[in-house]
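A short write-up of the structure that comes next.
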Amino acid sequence: MASSSGTKKTTSRRMSRQQTRSVEGPNEDDSEVVPSSLSSIVPILRVAKEIETDNPRVAYLCRFLAFEKTHMMDPTSTGRGVRQFKTYLLHKVEREDAETKGKLAPPGQDPKEVRLYYQQFYEKNIRGRDYTKKPEEMSKIFQIADVLHEVLKTVLPHGKLDPEMEIYVKDVERIRQQYERYPVGVNPSTMELPEVKAVVEALRNVADLPRLPSTSSLPSGSSVTATERVKSSFDILDWLSSVFGFQKGNVANQREHLTLLLANIEIRNQETENTTELGGATVMELKGKLFKNYISWCNYLHRKPKFGSSPGFGRQQLDLIYIGLYLLIWGEASNIRFMPECLCYIFHNMANELNEILHISVSAVSGATYQRTTRDEEYFLREIISPIYQVLLKEVKRNKGGKESHSVWRNYDDLNEYFWSDRCFRLKWPMDLKADFFRHSDTTKPANMRFNQTVDGKRKPKTNFVEVRTFLHLYRSFDRMWIFLILAFQVMVIVGWSPSGSLAALFDADVFRSVLSIFITSAFLNLLQATLDIIFSWNAWKSLKFSQIIRYLLKFAIAAAWAVVLPIGYSSSVQNPTGLVKFFSSWAGDWRNQSFYNYAVALYLVPNILAAILFLLPPLRRTMERSNWRIITLLMWWAQPKLYVGRGMHEDMFSLLKYTLFWILLLISKLAFSYYVEVLPLVGPTKLIMEIPISNYQWHEFFPNVTHNIGVVIAIWAPIVLVYFMDAQIWYAIFSTLFGGIHGAFSHLGEIRTLGMLRSRFAAVPSAFCERLVPLLNKEKKGNYLDPTQERKNIASFSQVWNGFINSMREEDLISNRDRDLLLVPYSSNVITVIQWPPFLLASKIPIALDMAKDFKGNDDDLFKKIKSDDYMISAVIECYETLRDIISGLLEDERDNMILEEICRQIDSSIKDKKLLSNFKMSELPQLSEKLEKFLKLLQADEEKISEAQIINVLQDIMEIITRDIMATENQVLETAHHGSKEEQRFEKLDIDRMLEKSCRDKVRRLYLLLTVKESAINVPQNLEARRRITFFANSLFMTMPSAPKVRKMMPFSVLTPYYKEEVLYSEEALKEENEDGISVLFYLQKIYPDEWINLQERIGDTIREDTIRKDREDRENLQERIEDTIRKDREDREKAKMDLICEWVSYRGQTLARTVRGMMYYRKALELQCFLDSAGDNDIYGGYQSSDLSERTKKALNDRTLALADLKFTYVVSCQVYGNQKKSDDPKDKSCYSNILNLMLNYPSLRVAYIDEGEEKVNGKTQKLYFSVLVKGGEKYDEEVYRIKLPGRPVDIGEGKPENQNHAIIFTRGEALQTIDMNQDNYFEEAFKMRNVLEEFLKRRRSQRQPTILGLREHIFTGSVSSLAWFMSNQETSFVTIGQRILANPLRVRFHYGHPDIFDRIFHITRGGISKASKVINLSEDIFAGYNSTLRGGFITHHEYIQVGKGRDVGMNQISLFEAKVANGNGEQTLSRDVYRLGRRFDFYRMLSFYFTTVGFYFSSMVTVLTVYVFLYGRLYMVMSGLEKEILENTSIRQSKALEEALATQSVFQLGLLLVLPMVMEIGLEKGFRTALGDFIIMQLQLASVFFTFQLGTKAHYYGRTILHGGSKYRATGRGFVVFHAKFADNYRMYSRSHFVKGLELFILLVVYEVYGESYRSSSLYLFITFSMWFLVASWLFAPFLFNPSGFDWQKTVDDWTDWKRWMGNRGGIGIAPDKSWESWWNEEQEHLKHTNIRGRLLEMILAFRFFVYQYGIVYHLDIAHHSKSILVYALSWLVMVTALLVLKMVSMGRRRFGTDFQLMFRILKALLFLGFISVMTVLFVVCGLTVSDLFAAILAFTPTGWALVLIGQACRTLLNRVGFWESVKELARGYEYIMGLIIFMPTAILSWFPFVSEFQTRLLFNQAFSRGLQISMILAGRKDKTH
């Protein structure tokens, strides 16, 4: 990645100021407070700050120059913030003028001072520094030199330099030009790579390119004249820039981009490493990838690609020019990058222009003349991009901020698809701005117009497709599926209706004749499809090709004809009946006598037969669809309209057979179940019901003469029909679970899932590691596991990565120091004769061996056999012996001491060899020796200042004494001699203690100590669950199938891109300590949630402080006495600050922060550096170890430079911080904190790059205009340093959705051939980063289908499931989706898309086809999945890989989860309307279309149908109960025994209970953790009410999906990713769930009550409960789940507070500026926002749906005792009279309160008294005279309550009308009354349960069982009782 742009003033140029911050204190950096309109003076102020300490006087002169420039740029101080800045700078300059003095010249001689300082600076930093410093360092130096030069010219009398200074200045310019030619600004070593040099040379081949004359005049504001641009052309990109007018920043950016691309491809293509020139194959490969879409576009439009050729230019040079031109266009296209074919059009014309220039230049030799001039650097942006951007802007204004219908404005797709027709060439070139594409009647915009206001004027037609809000899109997009299901249902009903009811009835002539009627149904369904095509595309007809319109009309005409012909034919065929067998046997011989209907059917089926043939021949179909031959296009025209995308998406034959088999099995199961369980049992009762005569209705029946009781039949069959259409979703869940589980098992998932399994297979792990993750030159060695040398080399290589992995977990505080030591594998193993396994494998082996040996009675052979039976034990014994020998030998300084040691070792070795060990040595004394050794090793491990030499000598002497006197059976002569000869002096007194302080020696001692002392406790190492999971997954993945790893040089280069807005970057100290309402801080919370990790952090902090203290003490030991107390105190403060910084990081790395994401992604670079070492190191280096390698400094520097060069070449990380520039200038503390934290990330990670949208200002004709830039910055010494700056045509996020626009503006700064998209809530792991080069090989791997993947899907681990049950449910659900779910989508179903997860994109493929997401407002709300749709439609191929994983966070609170589900449901609603779903649904083959439907929008539609089924069932039963039909039927003797009616909904309750979502979870947990664990987890989830949670979320999905399709209103919902589990107030829950759950739940509650009350007289209650159990469960879930899963939801004090808060909220009046959470009125208005902007169809539908509430009143009033069994319509009319009277009374009371409540209190009381007396009088009359009963009163409540609610709903839909007639306030007050009642009903159960303390404890246990099982203090956290001693 670059660090300089190759521009002069790139290091600190910045234009992001909107307002000036007030500057307090002298330490504020001037350059950080510059207004945006004065950005050009920033470099001067930066230089002043830089040289201030070196020469304050020159710094003052720089600031003075800045002040003068400021005054010249804005003399009247009219710019925003300019006046304050000038005042501040003037005061500072005046102060410094008085205070500063020159250092190099006498006072008053400023010119001389500057001159001398310039010379001094030149000599120190520039002279002789050619190619010795990094480009970014030199860029900074040149900037300082430029400013000093400018200051010098300013202070000199005439601004003229003397000759000596001119020489200096020219030399600076010469060296600058050398550095500016670096296309890659990473470090100088990158330029030394031969491939980079070759690319640079090829790009500099410009000698024969024509030099065009410069333009005579340039637009104002152009910073570089065209003449200068021609002169400075030193490569192809510069030349293109001068010809076409590209920006300098864009040129520099694409120079680096192109250089890196070509260098990487060259490296991959070359066998040797010494490339001298760029290969032709490399350029051709890049050209082929980059222009594949352009060539396809040209062929589609029958145009010739504009790749010219000329004898005057080489092929490679021309190709580089075309590639450079395309990249420059793309790099400056801004929002137009979302329109790939528009870019093709621009390139096509510019390439044509280029060809003219090049051909003219060649022919100029022969005398031809052609006048052409260069263009200024903003020409391309101004003349080409900006006009198209303005079209986008005008169209998006029609959207009204997402509130307008999609059909009235053109989105990105509409405008891009304009270029799919040759009509686009009418735009001409240069583009005609009067062309229809650009022309709008609203050419001028009023000055006071807001951005989101609508734009008037004639709207342009949509292109090819219109997004209309209707559910019929589901039928239009997936018509084949619906036709199949409807026809299958028809066949089942016909067969079931036959006398036998068996499938054999098909062979009956009459039945078969009836079955043939399905073709009539099919004809009418096809007619519906043709009609919808015409209606839905009406707004696009003006843009359609004539052939498409003809096709639509012909389709309609033919469909209509079949709809007439087939019924007529069928009616005639009744006279010629034929059975199935007879039909086929007689067809050939008796064809003349067949009925007309049979011929018609045969003809009708011809297109289907042809389609089936093509389905079985996918290569033929693919070839035909992709063909651009006109004859083929004509043949395919009828099958599907020719479209640029969606052609040839068919899979290979093997893949097709796999997913076809899957769906055939599924459909057989589904249809069999539907027939035998749903349809057949209902046929018999239905026949009986249709024959029962019913005349005794219990209400006024409007249609008493309807035959066959058709109303009852509809009521019974409607829910079953809905279940029939929905239950395929259940079958999909079952089959995907089975197939996914089998696929996972064959992929070796879960083979190592416990530490025991890991230990048993660890010996094979190093070999598997080397086979998978280490590139081997000699492939034959791969299988040679038994070769000891190779095995040791494998382990040495493995240890580098394994130890890096273990150390990374220690840095993350997942393991302790002890765990780390037990897990590490020694780097240096060449001195030990056995393999050194990690100590956790060897734990207890030495103590066991000692126990075996001390009492052993057999011979040596038996002992050795016993020890050798355990490979780890023999390894541990030998290692201990050899290591102890080395340690003691290294300690001894005396030669004679060493001789004794050698003699002892010789004796031991010879005894083992001669098998006399047991006879020569007393094994019983070994435990005594072991104790002394432990003490000895413990002393050696002491800290440097605590180590005691005397104690070590004593213990060592004891050890030698035990060995020689007690253990050795015979005294050796040498030992005797040594002892006798040295009686005056003790042996073993001279020790080299300093050697023990070396790291390698201390590591040996620590390891030996662990081997001797660690016993059984190491079996559970590591104890941390996350560490265990990572270790086992990494080990398991090494045995999975993955591509071989290439060398780093040969690997595919990649980038990572993370979009960031305003989320947390790093938690501050204040944020950690801030307490919530329960007195809980984030820090306290995390200490309790992660207690072991907190202890590990404390241990690490102690180590850090100890190391710092030792280092400082060592530095200050000499002058310790002279240190003053201030210094000591400062050190203490520094330590405290360092400690707090570590704690802040610890907390941030456990949240969903940017810091966590950046740390994780930078592991890629860390892994690359280690891989570079392993690739280039020799065997000795590998044995020596990466960390402990004893290389010379020169060798290390060379290795390090090469490593950095390759890492920069292969990896780039860009974080797109959209508002970073605004945060930098903001006064808001949170914004300031975000800015400083992002800056710190850049400073800590030098290779991190941050892209942001900068805002600036410029004056045009005296008016200030906003400017916008894409800016890339990196970390400098103290501040960010600008790398590239590219001006934009406008604000990018004004056009599309925020996240995709944020990604799009930054994508130009990414590099490489692959791009990984990482969200802000993701993490990465060091060990997984090591597998990245294997994954990238998937792009290059040869496949059966000859297609390369365009997106690689990766597995995720959800890291937020460890505390609450909700987090656990969500984590399991998400985990099952990202594993088993996506596994089955990718293979065999072939419908995996991109889901916003860490997928890796083929970058070149996607940047030429619209990018990595879609961005149109609202319709592309779920922007990520549209990238997958787009990739598939454009011929892409998406895979899924599970041998690598990336971390991901999820929402953990109930409300956050619901917001997330709402957002996804909204997104799916918009997808249903989109052109992408329509095209995929229409162009996939039948079975792949089924996969696509049930895994995307079909899942949400099925969720909605599930809820709808309950409504249809209950309203059907309400009709039957109220009318008296159910009673009549059930009391009929012929049907009493049938239970079919009551069992009708058995299937849908399975879906409802959430088992659908649990099935894949159970399978995946079983696969990866064992099925016993899976079963346990499943039971615990049910006990924790997971079904309640999933049923509740079912309501969320259904509500938001349905509302989105009907009314729109989709928007991005920020869910928040906080830590602390907090209590949500009742009012918050009510606002969030009122419309989606509570209203619906209460409606179902009333339905169930009415059904129970009015049907109980003739129905057993047990039967009723059996039927309605699942519905009661749904009602309870919808009404009470938010309170059940609300922490402290049943705490009495919180309940009281919640009620007070809710009453206050309900009572507050609304108004302008009142937030919805402050007033019920404001919230109520916001809730109706969707109705304000919906169309008339949406309003009518709302009113029609509201009419269902009138059924209650109509039914119940006839059952009242006061009705006296009357069936007259007058009863219903009188009930309305009562309703109207009640409403009028309420209206009078509310009016009285408003008019008389304040001033005429007495009158108001009298009015209320009169009303009360009137009410009592009326009730008395009704009770006494009319026979009203108490039960009637309760019944009336049930009857009239829904009616009032219906009036409220209808009033909301007719708001405009009611406002005019003055009834709106009454509707509002009525609604407020209903809200009060609903709130009270919902709140009461919670309040009652809160009385009982045990309920709160039970709820806490329920919510936090996971935490309780880990011994966490959740109750203390929730209660806020802190442990004061922590």
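Positions of Cβ are set from backbone N, Cα and C atoms, glycine also.
Straight from TrEMBL, the features:
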REGION    1-36  region 'Disordered'
DOMAIN    317-432  domain '1,3-beta-glucan synthase component FKS1-like'
TRANSMEM  481-498  transmembrane segment
TRANSMEM  552-570  transmembrane segment
TRANSMEM  596-617  transmembrane segment
TRANSMEM  656-677  transmembrane segment
TRANSMEM  706-725  transmembrane segment
TRANSMEM  730-750  transmembrane segment
TRANSMEM  1492-1514  transmembrane segment
TRANSMEM  1661-1685  transmembrane segment
TRANSMEM  1769-1789  transmembrane segment
TRANSMEM  1810-1830  transmembrane segment
TRANSMEM  1836-1854  transmembrane segment
TRANSMEM  1874-1894  transmembrane segment
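The transmembrane segment (481-498) is not in contact with the transmembrane segment (1810-1830), judged by fewer than 3 CB-CB distances under 8 Å for residue pairs 6 or more apart in sequence.
Mean pLDDT, taken over the domain '1,3-beta-glucan synthase component FKS1-like' (317-432), works out to 87 on the 0 to 100 scale. Sequence-distant contacts of the transmembrane segment (1810-1830) (same chain, at least 6 residues past either end, Cβ-Cβ under 8 Å): 1761-1762, 1764, 1785, 1788-1789.
Listed as Cβ neighbours of the transmembrane segment (1769-1789) (distance under 8 Å, sequence separation of 6 or more from its ends, same chain) are residues 700, 1753-1754, 1757-1758, 1763, 1807-1808, 1811, 1815, 1836, 1839-1840, 1843-1844, 1847, 1866, 1869-1870, 1873.
Secondary structure counts, DSSP: the domain '1,3-beta-glucan synthase component FKS1-like' (317-432) has 85 helix, 0 strand, 31 coil. Comparison of 1492-1514, 1661-1685, 1874-1894 by number of C-beta pairs under 8 angstroms to the transmembrane segment (706-725) places 1492-1514 first. Same-chain residues lying 6+ beyond the ends of the transmembrane segment (1874-1894) with a Cβ under 8 Å from its Cβ atoms: 1626, 1630, 1634, 1638-1639, 1642, 1679-1680, 1683, 1689-1692, 1695, 1698-1699, 1702, 1706, 1720, 1724, 1844-1845, 1848.
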